[in-house]
Amino acid sequence: MAQRFYLLLLLLIFLVNLICFSSQQDLSFVFNGFNQDQAGDELLLDGFARIQSPERVLQLTDGTTQQKGHAFFNRPFDFGSASSQSLSFFTQFVCALVPKPGFYGGHGIAFVLSSAHNLKKAYASSYLGLFNRSTNGSPSSHVLAVELDTVQSAETDDMDNNHVGIDENRIQSVVSASASYYSDREGKNISLILLSGDPIQVWVDYEDTLLNVTLAPLRNQKPSKPLLSRTINLTAIFPDRKAFVGFSAATGSSISNQYILGWSFSRSRRLLKSLDISELSTVPLFTEQKRKRSPLLIVLLVILTLVVIGGLGGYYLYRRKKYAEVREPWEKEYGPLRYSYESLYKATKGFNKDGRLGKGGFGEVYKGSLPLVGDIAVKRLSHNAEQGMKQFVAEVVTMGSLQHKNLVPLLGYCRRKGELLLVSKYMEGGSVDQYLFNGDKPPLSWSQRLAILRDIASALCYLHTGASQVVLHRDIKASNVMFDDHGANLSATAAVGTIGYMALELISTGTSTKTDVYAFGAFMLEVTCGRRPFDPEMPVEKRHLVKWVCECWRKHSLVDAIDTRLRDKFTLGEVEMVLKLGLLCTSIIPESRPNMEKVMQYINRDQALPDFSPDTPGIGVSTPMVMGIPGLAITSTSVTSSASVPLVSPPSTNNSMFISHTILNGDGR
């Protein structure tokens, strides 16, 4: 009796296992095309996914951006009690990825095993409708996918824009390869374009923990070698031992229609039914949905169009007035040197006050930046008189042709009604007066100071004798001599600076050069003594620098006039020569001043100074009224003018106007 009971119990256990095994074996199906009656009941669709009739295809996405679609078999694939080694499944499907004509589409399609069929929270685009940023890479995602990806994304570490990959719980593939298939006839892999619109066969086989992915064109037999192979523990990804099988597809900014033409699935290789290629539908052509526009919408579009046209017309008139310029036929010959007002307006950010470099008697200077040119300085000058403008522009252009290693040429000009704009290169270094009078700058060595003087003398000599016509500077002072490169390497190289760069003052031609010689002499004393030409804070006897230096010479103590910050680190003979030359250049008798060619010879020690003393007439006189010479002025800016030539010419019709230039390089002496 007991023996019979045990036999019945064993038989019952066998029948239960047989039923379970049979239920697992039953998960086999084939769709040789999709129709609404059969596939509509057996597939779970979401997103855009739909069965398209009468084409009998499963469409996952349409021709719109940021779209996704999912299609899963309505019953999960139940692993049962099978071990990971004995677990297996086999599937074959035919897909087609059809781009919009003339465009490159995306993003791709994936065969999916997922613990849940609801992936509505997943992202489209490069996530292929499988993950979002929070689920991507999470073990709780429980997703295994074989992706056919047609867009290369840096975010997902894609190898190219035409690859196949295996994804485990993340969109970044654990293994991938460029799409191709093995040709048994040729014995090599042949490239396959996924986004061609042509049908492609895909086989995904999982057996003995090995997942193989194989591709081939529609009419080819299954190749003997897979494209991808990967050992995968399926039960580790799906601990509850169940998974839905199906497809996911997505578009991003690039679009395509993505279709499944047929699908076969089985847990057994032997029971897997091959697709009947002859029964599959052809790939539908790419069509965009046509939407009917209501009359109201048409009216609104017309009104909107008129509003836009009116707005654009108003904006055009506003811009035309805002950027209006004055152009005359005679200016055509200067065309290459003329800048548009709009370009200068934008370069200076609307002449923003934050970019203002300085303000002088004739206008303001702004910093700007032009493409292919770099940083510039733009001087805005008021000029209401049209008479003489042609001569003025001609001379400005002539000034732009000056070339000297210590001069930056004028880049160009622009003019509007009542306004003239002059453009020159911008040099970023600080001015000499900042190094002489500000404590936050390192003091200049004597060799640097001498190099500055030699460079400026060279530039002035060129303006007076080397150009096609005599050019006066008439605003030489420490604040107008600037260092390039923020004064970098001052200890190793000569100072680099500018003449009149910050002020961009106007100059004249064809008149006496002695005004520049006087100004240069005052500048020599300023650089050597480290003092301003006129300092009201000093004692009366030291207030005028020219007079005080002459008095030191008279007392045989020129060394007392030298900048104390030099700390005896100078050549006494050089310093005394510079101080005496400065006094000679500042003689209030113009005929007694040397020309700049002579100054160059003196300062370079090519010729000795002429004999003169502190008591020589015109030497060391700080005010012109002592000599009774009317019209001669010596200002606190260390610049003088002769009676026949005013120091700074007012903007009149009889005055030629030029922009000053920039010293580029010292010679390191």
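Any Cβ shown, glycine's included, is placed from N, Cα and C.
According to Swiss-Prot, of the residues N132, N489, N132 is the one noted as N-linked glycosylation site. Between the CA atoms of N189 (N-linked glycosylation site) and N212 (N-linked glycosylation site) there is a gap of 16 Å. The Cβ of N132 (N-linked glycosylation site) lies under 8 Å from the Cβ of K121, A122, Y123, each on the same chain and at least six residues away in sequence. A strand conformation is recorded for N189 (N-linked glycosylation site) in the three-state DSSP classification.
Between N233 (N-linked glycosylation site) and N212 (N-linked glycosylation site), the C-alpha separation comes to 13 Å.
Secondary structure from DSSP puts N132 (N-linked glycosylation site) in coil. Secondary structure at N212 (N-linked glycosylation site), as computed by DSSP, is strand. For the domain 'Protein kinase' (351-609), the predicted model reports an average pLDDT of 78.
The CA atom of N212 (N-linked glycosylation site) is located 85 Å away from the CA atom of D475 (active site, proton acceptor). Cβ packing within 10 Å was compared across the glycosylation sites N189, N212, N233, and the lowest neighbour count falls to N233.
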